[in-house]
Amino acid sequence: MAATMIFGSFTHDLLGKAMSTIHSAVTAEKDIFSSIKERLERKRHGKICRMKNGSIYIKAASSTKVEKINAAAKKLADDKAAFLKAQPTIVDKIIVNEKIQVVEAEEVHKREDVQTVFFKKTKKRAPKLRATCSSSGLDNLYNAVANIAKASSLRVEVIHKKRVCGEFKQTRFGRALFIDVAHAKGHRRRIDCRMHRREQRTMHMFMRKTTKTEVRSKHLRKGDSGIVLLTQKIKGHLSGVRDEFFIVRGTCDDSLLEARARFSQSITLRATHFSTGDIFWKGFNASFQEQKAIGLDHTCTSDLPVEACGHVAALMCQSLFPCGKITCKRCIANLSNLDFDTFSELQGDRAMRILDVMRARFPSFTHTIRFLHDLFTQRRVTNPNTAAFREILRLIGDRNEAPFAHVNRLNEILLLGSKANPDSLAKASDSLLELARYLNNRTENIRNGSLKHFRNKISSKAHSNLALSCDNQLDQNGNFLWGLAGIAAKRFLNNYFETIDPEQGYDKYVIRKNPNGERKLAIGNFIISTNLEKLRDQLEGESIARVGITEECVSRKDGNYRYPCCCVTLEDGSPMYSELKMPTKNHLVIGNSGDPKYLDLPGEISNLMYIAKEGYCYINIFLAMLVNVDEANAKDFTKRVRDESVQKLGKWPSLIDVATECALLSTYYPAAASAELPRLLVDHAQKTIHVVDSYGSLNTGYHILKANTVSQLEKFASNTLESPMAQYKVGGLVYSENNDASAVKALTQAIFRPDVLSELIEKEPYLMVFALVSPGILMAMSNSGALEFGISKWISSDHSLVRMASILKTLASKVSVADTLALQKHIMRQNANFLCGELINGFQKKKSYTHATRFLLMISEENEMDDPVLNAGYRVLEASSHEIMEKNLSRTVRDILVRLKLVWKIQVNLVYAKALWKIQSRIVPKRADRLARTLQQLVAVSLPEYAQALEKQGESVSRKIFGKHFKCKTQDNMCSF
């Protein structure tokens, strides 16, 4: 037997028998080389790795990976060999499903240097991938969609040349696909379901997901039309089988019909279809016969078309229960979850539309038309009188006390109309009962009209003012410390009080006059007698004619007494009369119906004695409110009272106006609502409320108002309060009618004084509105640059003032092109409304704000009164007054120009020229009236007059006027800069 010797790649055959020892050695050598070869093979398919210390090594591949690589190489070689051995074929068509991407190969440069441990591996850019979809990928997509549709019972539509629709449903056979067939829609056709090849191929992907349960043909019934079953799983005789799937149409002669197959006309007519319509009519007929009316007085006949009856039944169903399908559980759930109002509204809207259809198409069904009309028109009864509802809500909507609460409830229920439920109707009856009781009691009270049971006693408990009990506001003697409020109180004392000189005596201050009479103060009692008898006589005072409790002493609201707004009585019902109020010095006395509290006036005011001027008595109420106002708000409070409250109240205001103003102030400063009032005495004979200050009252016998705090006094601020005292006079500020004239005069003077004009624009900008008094003043302000300066001054702080200046500048341009004075005045008056709307912006601390708004409102009201007269073709007698006003203003301007020194004239011209340089154009009136000419003369003063004056007064005047920034040059006999 021949043996072979192997050493590496060297092989040699040996003759003869080999010994067993030599054979075992050769086998061992063979095993050694095979393991080395296998290890090298794994190294060859391995990858290069680097260790943490930078060393590079080859990581061998696994045996499994090597086997896969060898198998792939063997398969590639076999395929190539098979391709080469195959017979030649003719290729007539090549179809490329995927787009071929051509990538240019880059030239590869081989590294010639030796790789070291510091070699940096470069990253290779991955080629950009493009989204492509092959036929297999598209099949996978269809398969995934089919799985989702089956799991969620979704509807599927396949559209190519025609639309094929299907839906997965849960059946007794499992979850199956149902294809839409024609006979389910009421059409009997020879082909029940048309499906082209492309549509059928796609639909097969979804048919594969249908149930695979074995089904006997006799188990199929109504409602199974369109179900897709596997042909192999159907037991029974089948007719028209197309492929592996069977779409059920119906039966004919015990044969199951395929929906995609074409059948003869006779089979189509004789076939029993498995649609749900037959089931519906079976249930409909059964229930209709069971519930058929009994005791009819006639024999029923078939008079109306059956198809029309079906239409009407469907319309009735849609009007009562609007839905997409009567078998849809989701529609049923949606209708069940609607509230009554929404469901009724939905029914009503559908019923009204369906009624129109029934009247047009099915007029013979009069009973259904009448039923729907009566049912839904009665359910949709509404109250058309919404204007009355809004008016009631406006009058008493905010009142929650009886009987207004009952009226509001009735008003709301009546608005509901047919939506009112039985509970609401029961509440309406209860409210009506309460109204009847109230009216009955009110009638009885009015009929009696007696005050013998009226009692309004003073509370035995003293009012606790928290502002006077805070340790931080009391000194070591327990006296109230005003703090910063004391400084703000000066605004009251400086404007509305006058000082008393004790050296001149107190006689002239004893009598305080009011519009209806007078009252004696106790200020003369500062000088008292040491004789006890005479002192007791002084303490008696001087009594006025005393009156008892009358209707003027009480205040009612809703038929009930408002006790804080009534006069104080004793236990027997008689009025409590005021006694002598002794005077004190430098005190504020608060506490009306209880024990008085004496507060020292602020130490910042000095030790002078102050007394309110005639008509200013109610300022003591605001001074008492200042005690409870926080120190941080004291300054704003006093400014608001001075600039707004006192301006509106006027002289001797009524009590209702004072109470309303207190309510307004309490809104801005809530702490002031709990402030205690000064002593308030009621004089019914003179219809006056006396606000008693620290100088007391010599007269006695007045009634006492029970209101002790500002919040109680605010109850008078109501139009529904039945109180004669609400119209009593209190006291106020004498308004000066010369305020407008003073404002115009100040504005005119400021035009010729640039420094004054700048200060006026900064501190009282609203005075610029008074330029509407005259067209000449308006144009002069525009030429002087005042409006431009104002716009630049306020552009970042107050946009309303910027709009005001812009409107005035525009008006100046419009007025300059007017031909007559009347037309100029008309232009300014017509724009007053717009300017007023831009100007009014809540409360402003500027003193000129109130005057400016009042001036604009006056012009607006005059326009409102004159417009109907002018539109009717008449003229108002204003032209002559305008001419006179212009003459007076012209005379005033000339007087101002005469008084101006030459230095000021030159400086004014400099300012004008500087302003004109900025605004580039000067407004020149087309009609040069008297005032306009006077104002324009100042602008056009020639340089020779200045040069002559400079020669007389010296060069120092030139430096004073022009400074070091301006130089005077002669050019065309005018001054240029």
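Placed from the backbone N, Cα and C atoms, the Cβ positions cover glycine too.
Remember, predicted model here, so these are calculated numbers, not experimental data.
What Swiss-Prot says about this protein:
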DOMAIN    132-274  domain 'Peptidase S30'
ACT_SITE  His183  active site, for P1 proteinase activity
ACT_SITE  Asp192  active site, for P1 proteinase activity
ACT_SITE  Ser225  active site, for P1 proteinase activity
MOTIF     325-328  motif 'Involved in interaction with stylet and aphid transmission'
DOMAIN    609-731  domain 'Peptidase C6'
ACT_SITE  Cys617  active site, for helper component proteinase activity
ACT_SITE  His690  active site, for helper component proteinase activity
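His183 (active site, for P1 proteinase activity) falls within a helical segment according to DSSP. The Cβ of Ser225 (active site, for P1 proteinase activity) has 25 other Cβ atoms within 10 Å, all protein chains considered. Residue with the densest Cβ environment among the active-site residues His183, His690: His690, by other Cβ atoms within 10 Å. With a 10 A radius on its CB, Cys617 (active site, for helper component proteinase activity) counts 26 other CB atoms from all the protein chains.
Mean per-residue pLDDT, taken over the motif 'Involved in interaction with stylet and aphid transmission' (325-328), amounts to 79. Reduced to three states, the DSSP call for His690 (active site, for helper component proteinase activity) is strand. Across the domain 'Peptidase C6' (609-731), DSSP classifies residues as 59 helix, 25 strand, 39 coil. A Cα-Cα distance of 8 Å separates Cys617 (active site, for helper component proteinase activity) from His690 (active site, for helper component proteinase activity).
Cα-Cα distance from Ser225 (active site, for P1 proteinase activity) to His690 (active site, for helper component proteinase activity): 100 Å (rounded to the nearest whole number).
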